[in-house]
Amino acid sequence: MQKKTLSDITIQGKRVLMRVDFNVPLDGNGEITDDKRIVEALPSIRKVLDNGGRLILMSHLGRPKGKVNPDFSLTPVALRLSELIDTPVIMAGDCIGTEVMQQALALQDGEVLLLENLRFHPEEEANDPEFSRELASLGEIYVNDAFGTAHRAHASTEGITHFVQTAVAGYLIEKELMYLGKALQSPERPFVAILGGSKISGKIDVIDNLFSKVDTVLVGGAMVFTFFKAQGLETGRSLVEDNKTELALELLAKAKSMGVRLILPEDVMAAPEISPDAPFHAVSVDQLAENEMGVDIGPKTAETYRKEILGAKTVLWNGPMGVFEIDNFAGGTIAVAEALAAATAKGATTIIGGGDSAAAVAKAGLADKMTHISTGGGASLEFLEGKELPGIAALNG
């Protein structure tokens, strides 16, 4: 998927309208608790400013439901960004309108204007053409660097491209496409995918798409219990999708017919309930008691998975191995993260598919030990499902 990028265009003296993902977490006092998403946009931002562009940034924050809500203002982001780039950031009062247009036209080379939250307008998520046209009129060049919203056809990601001549990818999107795209198109082998999370239904399209690309699939998370139920094992009080047992059997058969090794846990951690104080112990998957639930993969499985990961040249991880938010049930997830870090050190390409997996890697303190951590949970999932992302399809090829 070759797309033109920031490196392909002339920026000097031009108004560059850039869609970024500044959807950062705020605490009760409106302070940013994690500025990772702002930091990730810096390479593209610096490229525009260093090359004498006039930068207009736009983003959403939270879910204000199409109404102005001061709790979701991007003002804290403007303050943090100005600290990071050591340049004043002008904060607009809105994202469209006469006043904003005047601010955009008044920008000098190397100056930055941050538009107010796009989702204060219902037209943003509705991909309204008139709203898209108004946004587009602010800039001369459009750059999308918000991979996290690339799977949404919104005004600022898709609609806007109908009203601009130049629409290119920023460096963050370029990096995402490079790593995720290479993994799916020409991976170094062996290629191992680790899939976790609670439901088969949420991962069915990913599993299906990956079967034609990977050598091995390691399964963890609560979705393993739907497989076990399908195989006639006791699953106790574990989370099971009863209406997906046939599907689980079909997936096992399909893996076999396609020559993919689909590996399920041999042991799990069992507990009477999901609580930090609950007693827990390892049991073989055929020994789970009726009054217990599986909350993590067991130590034998963690060791098997570690060996598989260390033998791989490309590893893709999407979804935790257990209820990792509770320390006692995070062992399997941490073990996988540690194995990925070791594989990376050995020269493997390791890709973390955003969302919970990224949080798990951060919890293990190993974020800087992976080849690539995707910034888009939903977007990376849809990309792995083989779907076209509207925000990327809309850019100039």
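If you go along the chain as it appears here, the first residue is 1 and each next one adds 1.
Every residue gets a Cβ built from N, Cα and C, even glycine.
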Same-site substrate binder from ARG119, ARG189, ARG237, ARG261, given that Swiss-Prot records ASP21, PHE22, ASN23, ARG37, HIS60, LEU61, GLY62, ARG63, ARG152: ARG119
Other same-chain residues whose Cβ falls within 8 Å of the Cβ centroid of ASP21, PHE22, ASN23, ARG37, HIS60, LEU61, GLY62, ARG63, ARG119, ARG152, the recorded substrate site, in sequence order: SER59, ASN117, LEU118, GLY148, THR149
Sequence-distant neighbours of GLY62 (substrate binding site) in its chain (C-beta under 8 A, six or more apart): ASN23, LEU26, ASP71, PHE72, ASN117, ARG119
All-chain count of other Cβ atoms within 10 Å of ASP21 (substrate binding site): 23
Nearest-integer angstrom distance between the alpha carbons (Cα) of GLY294 (ATP binding site) and HIS60 (substrate binding site): 38
Maximum Cα-Cα separation in Å among residues ASP21, PHE22, ASN23, ARG37, HIS60, LEU61, GLY62, ARG63, ARG119, ARG152, which the record lists as binding substrate: 18
Mapped DSSP class for GLY294 (ATP binding site), helix or strand or coil: strand
